[in-house]
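A.B. asks: A single structure is presented below for examination.
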Amino acid sequence: MPLTVNCPICKTPVEWVPQSEFKPFCSERCKMIDLGDWASEKHAIPVKSEFDLDALDELGYDEESFFKE
């Protein structure tokens, strides 16, 4: 008996077999909806910020003088 997973978009059961062309999605439509969600940044991979915002505050710049220099 093959493994069955739910489509991440519509929750339709999908058999995890080589014949399942769009796995883990049930269809091209659900695959494209997911791609659109990534492209519009509805999904994102969390990463640690490169910047320490507290350290930036310690530099002593205020917004007005920073842009005038």
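A Cβ is built for glycine as well, from the same backbone N, Cα and C atoms used for every other residue.
Annotations for this protein, taken from Swiss-Prot, read as follows:
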type: BINDING; residues: Cys7, Cys10, Cys26, Cys30; note: Zn(2+) binding site
A.B. asks: Have a look at the binding-site residues (Cys7, Cys10, Cys26, Cys30) and report the one with the fewest Cβ neighbours inside 10 Å.
C.D. replies: Cys10
A.B. asks: For the Zn(2+) site (Cys7, Cys10, Cys26, Cys30), what does the 8 A shell look like? I mean other same-chain residues with CB within 8 A of the CB centroid.
C.D. replies: Asn6, Pro8, Ile9, Lys11, Thr12, Val14, Phe25, Ser27, Arg29
A.B. asks: Let me know the DSSP-derived helix, strand or coil state of Cys30 (Zn(2+) binding site), please.
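C.D. replies: Its secondary structure by DSSP: helix.
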